[in-house]
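Enquirer: Let me begin by handing over the structure; questions about it come next.
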Ligand code: S5P
């Protein structure tokens with residue numbers, strides 16, 4: 001085995017998978033040794049050898065468990081190693097997705113398996129064991145069992161103990177010490193460099209990296225808007241909207257994307273009694289003036305709906321402050337809620353804080369978008385939700401396409417891209433039906449634009465959408 005370890009280590013050094021020098025690690029620590037096993041994908045013979053050694057390591061160990069039913073590589077570097085092992089030993093694999101897809105089947109674990117199947121987890125190298133534990137957690141969440149983990153390299157920085165605490169046996173082909181010994185023997189590591197490597201290892205013997213929370217999954221809300229209004233006492237506008245929905249028995253918002261004052265006002269008056277929110281894009285109104293805002297306000301009081309300027313702020317905090325409070329539109333003076341992108345970071349929320357809290361306006365963060373190819377997915381969406389949670393006095397909810405398990409119930413979820421008939425437009429918009437959105441996707445308010453304002457009779461069409469959306473909400477509650 002020693003000879004074999006030497007063979008692999010020297011080959012890894014030769015292909016630059018083991019580098020010596022000065023490297024800044026993700027944690028900010030400067031390391032004199034850097035190991036990147038990703039390059040092994042370019043070396044099929046080596047990959048096959050690694051797979052073979054790793055498998056033998058588990059089954060030569062006296063404390064090994066039963067032969068596994070399945071193999072699972074920790075994404076991504078270990079996936080080809082797991083594949084090699086699977087093919088060599090005729091053991092099927094499962095794949096753990098790092099993020100559940102935003103579309104399609106949304107499986108966290110891909111592949112065929114049965115509850116209780118034992119999985120051998122495969123990783124290229126372990127430092128603290130955090131990535132391994134994330135994979136184990138997801139495998140267990142679908143009913144699989146894990147007792148053994150095999151790695152090519154144990155960096156000896158706490159993983160073995162951490163995994164043991166979680167009831168897992170760690171098997172490694174070689175440790176960092178063995179790797180270094182091999183390099184020394186082969187004359188690859190000498191003088192001051194050797195000292196640096198040893199010092200670095202001593203200083204970093206126990207790295208503790210927190211395990212990431214489970215990838216949020218779609219969930220349903222079975223609480224009524226009335227109950228949710230009580231939960232929302234952290235945000236005045238969310239509370240107001242939940243109450244208004246309960247009172248008016250409507251969860252319909254209309255996007256009044258019309259280009260003259262008269263058209264928007266006419267629509268608002270016609271459909272006002274059906275809706276809880278009228279959404280505007282005031283920068284598309286060619287004859288916009290302050291009088292328009294006065295008239296719209298009067299209609300909102302007459303029909304009891306809230307005004308939502310869909311400005312989609314996205315700049316740095318200082319610029320956004322001016323865009324919100326000044327200029328031609330002075331949005332802060334009349335809009336009950338506005339949309340905000342998270343792309344510029346949390347400073348954007350701070351720029352609203354004073355004005356929003358004073359005037360009781362709510363921010364809606366764009367967590368997902370309805371348009372094809374949108375980049376608001378996966379990890380980005382999660383970050384948006386986290387940002388909102390840190391600022392729940394200002395953020396009233398999300399523009400999103402589905403309820404995710406990490407979205408607390410005090411947030412209002414509003415969904416655009418809703419129509420009864422169409423499935424798409426020619427510029428990337430994608431549509432779902434109101435009942436699908438409210439019942440299956442479990443969001444709260446449907447936002448409908450062209451489906452209503454382009455119809456022959458917007459009032460009766462709005463009534464139709466309102467009835468379907470409200471019935472769907474009631475069905476959701478009763479399930
Ligand atoms: O992801 C989004 C977010 C928003 S706010 N997709 C959207 O379509 N919107 C807005 O919803 C969009 O700006 C438009 O005002 C409305 C949808 O209009 P419709 O005519 O396609 O129903």
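Glycine is treated like the rest: Cβ placed from N, Cα and C.
Feature list, courtesy of TrEMBL:
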{"type": "ACT_SITE", "residues": "310", "note": "active site, for OMPdecase activity"}
{"type": "ACT_SITE", "residues": "312", "note": "active site, for OMPdecase activity"}
{"type": "ACT_SITE", "residues": "315", "note": "active site, for OMPdecase activity"}
{"type": "BINDING", "residues": "257, 279, 370, 429, 449, 450", "note": "substrate binding site"}
{"type": "DOMAIN", "residues": "251-465", "note": "domain 'Orotidine 5'-phosphate decarboxylase'"}
Enquirer: How many Å separate the Cα atoms of residue 449 (substrate binding site) and residue 310 (active site, for OMPdecase activity)?
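Expert: Rounded to the nearest whole number, the Cα-Cα distance is 12 Å.
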Enquirer: Among 257, 279, 370, 429, 449, 450, recorded substrate binders, what is the largest CA to CA distance in Å?
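Expert: Spelled out: the longest distance between any two Cα atoms in 257, 279, 370, 429, 449, 450 is 17 Å.
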Enquirer: Return only the integer: C-alpha distance in Å from residue 312 (active site, for OMPdecase activity) to residue 429 (substrate binding site).
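Expert: Distance between the two Cα atoms comes out at 16 Å.
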Enquirer: When the pLDDT values for the domain 'Orotidine 5'-phosphate decarboxylase' (251-465) are averaged, what is the result?
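Expert: Averaged over the domain 'Orotidine 5'-phosphate decarboxylase' (251-465), per-residue pLDDT gives 95.
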Enquirer: Please check the recorded positions 312, 315, 449 against ligand 1 and give me the ones with CB under 6 A, sequence order.
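Expert: Checking each Cβ against ligand 1, the ones under 6 Å are 449.
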Enquirer: Can you give me the residues near the recorded substrate site, meaning same chain, not 257, 279, 370, 429, 449, 450 themselves, Cβ no more than 8 Å from the center of the site's Cβ atoms?
Expert: 255, 416, 417, 447, 448
Enquirer: How many Å lie between the Cα of residue 370 (substrate binding site) and the Cα of residue 310 (active site, for OMPdecase activity)?
Expert: 14
Enquirer: Ten-angstrom check, please: count other Cβ atoms within 10 Å of the Cβ of residue 315 (active site, for OMPdecase activity), all chains counted.
Expert: 16
Enquirer: Among the recorded positions 279, 312, 450, which residue has the largest number of other Cβ atoms within 10 Å of its own Cβ?
Expert: 279
Enquirer: Which has the fewest other CB atoms in a 10 Å radius around its CB: 257, 310, the listed recorded positions?
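Expert: Taking 257, 310 as the recorded positions, the minimal 10 Å Cβ count falls on 257.
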